[in-house]
Amino acid sequence: MALWLTVVIALTCLGGLASPSPVTPSPTLKELIEELVNITQNQASLCNGSMVWSVNLTAGMYCAALESLINVSDCSAIQRTQRMLKALCSQKPAAGQISSERSRDTKIEVIQLVKNLLTYVRGVYRHGNFR
């Protein structure tokens, strides 16, 4: 009986170790959200109204956003965001390559892209779809 009880306790403990644990949010993703909030709070015209190509944030959002923002020059406000996106982007776009995530016919202001990215990343963070 004692042996049987020991086996049951051991299996219970091992079962607890094998059970799936909750997915913890990426600290980088949380930092990105905080940075995007900081950028959008007091910026009526971010980067002097620079325009960037609109991107499809549902397909490779970090790389697509980075690729769109990488061509913005003389805008220190988004440099930290660019570094964070580089860390989150698993693929490096080739020079001169036109991404499938980018819509070449639509340009939007940098502030609008940042707001769109913030909305999308908040949703990803909220629903736990970490990539």
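Glycine is treated like the rest: Cβ placed from N, Cα and C.
Partner cysteine of C47, as given in Swiss-Prot, is C75 (from among C13, C75, disulfide bond). Cα to Cα, C63 (disulfide bond) and N56 (N-linked glycosylation site) are separated by 10 Å.
Listed in sequence order, L46, C47, N48, S50, V110 are the same-chain residues six or more apart from C75 (disulfide bond) with CB atoms under 8 A from its CB.
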